[in-house]
Amino acid sequence: MWAPMAGLSPRLTLAAFPGAARLCLWRAGAARWKGVPARNRRGLSDFRPKLAPSEGFKVLPPGVSKSRLESKRYILSPDLAETMVPFLLRNDGCDLILEINPGPGILTRALLQRGARVIALESDKTFIPHLESLGKKLGGKLHVLHCDFFKLDPRSFGVIKPVVNSKLLFQKFGIETLPWSKGIPLKVVGIFPTKNEKKMIWKVLHDIYSCTSIYRYGRVELNFFFNELESQRMMANPLNPNLYYALSVLWQVAYDVKLLHTEPWSSFDMCSQSGQREKPESKESLEQQTQQNLCLIQLTPHKDLFSQHLTSVNYDVFFHMTKQCFLKRHGKLIDHLTSLSPIDAMDILKKIRQDKTIKIIDIQ
């Protein structure tokens, strides 16, 4: 999935020297999932996609605690849905949308009415009958699958259903693979979960850098609502030192990151998997939520992400070096290179045209 590309940024150049791969002997624990054997990191799940049976809304079964159920937010505003449609359907040759947890299908309906083909992955089966009915009414361009996108191709054992294998998913719906340097095979849209957010972020980054999961099939575009703070970190640069972290670098090296729209939390409904609308725990939490925003971020993979130096095999070295450097972000780059690379630090600085006094936080 990768080929030599030109034009590495200074950050990539740090990981681009031939001897850097020897750092793999350190096992780069910070860049790997704890407790997961390396042989399983890129493995695919053996589960096959299954459509959920048609069930109506119902109460929780006996013995199931409501506290065990994950809460999700759904788009309820038709105006917000209409605002999002032009961002997703841009006359760029890709009208295939993978919608994550559409819930009542407000955005789904708007997309179908504009001619999009939609694959709805809904983890709450109480919404499945309504979505299937919506697809029949609007021309049959909607396919519904009971599946949790954020448990797609798990990197560890013991995951909770519904889970699905991306290879079987793409085969089922006839999604074709495109070379990395070509166009976008499909677009993903949804609300990024707040539960285990950091874990999910690291999984997305590992997937794109290793060309696994959905990225086996090309430069899949992501369009997710993130909380405002995380969005600011994703787009931060050295001029915003309080927000500029290792994740900022990893996001921006992999993707073209764009802020498309900002929407208050009040435009989104929160429901549990029982299909019931949830009330905030306290008046204070309601006030805090209404003062925050969710930001629609578009993440388009860079065509030149991979090169003869940075590949889907040695990317974890780049992860490790980036994270280690940001542990002492105000330290000098030359000091980090001396401890992290077997290559002479001054030679590296000359190749990336940087002075020996430059600090990590100042690298752009």
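Quick reminder: no glycine exception, Cβ is built from N, Cα and C everywhere.
What TrEMBL says about this protein:
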{"type": "BINDING", "residues": "ILE75, GLU122, ASP148", "note": "S-adenosyl-L-methionine binding site"}
{"type": "DOMAIN", "residues": "89-269", "note": "domain 'Ribosomal RNA adenine methylase transferase N-terminal'"}
{"type": "SIGNAL", "residues": "1-15", "note": "signal peptide"}
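Neighbour counts of Cβ atoms within 10 Å were compared across the binding-site residues GLU122, ASP148; the minimum falls on ASP148. Taking all protein chains in view, 27 other C-beta atoms sit within 10 angstroms of the C-beta of ILE75 (S-adenosyl-L-methionine binding site). Residue annotation for S-adenosyl-L-methionine gives ILE75, GLU122, ASP148. The furthest Cα pair among them is separated by 17 Å. Across the residues of the domain 'Ribosomal RNA adenine methylase transferase N-terminal' (89-269), the predicted structure has a mean pLDDT of 90.
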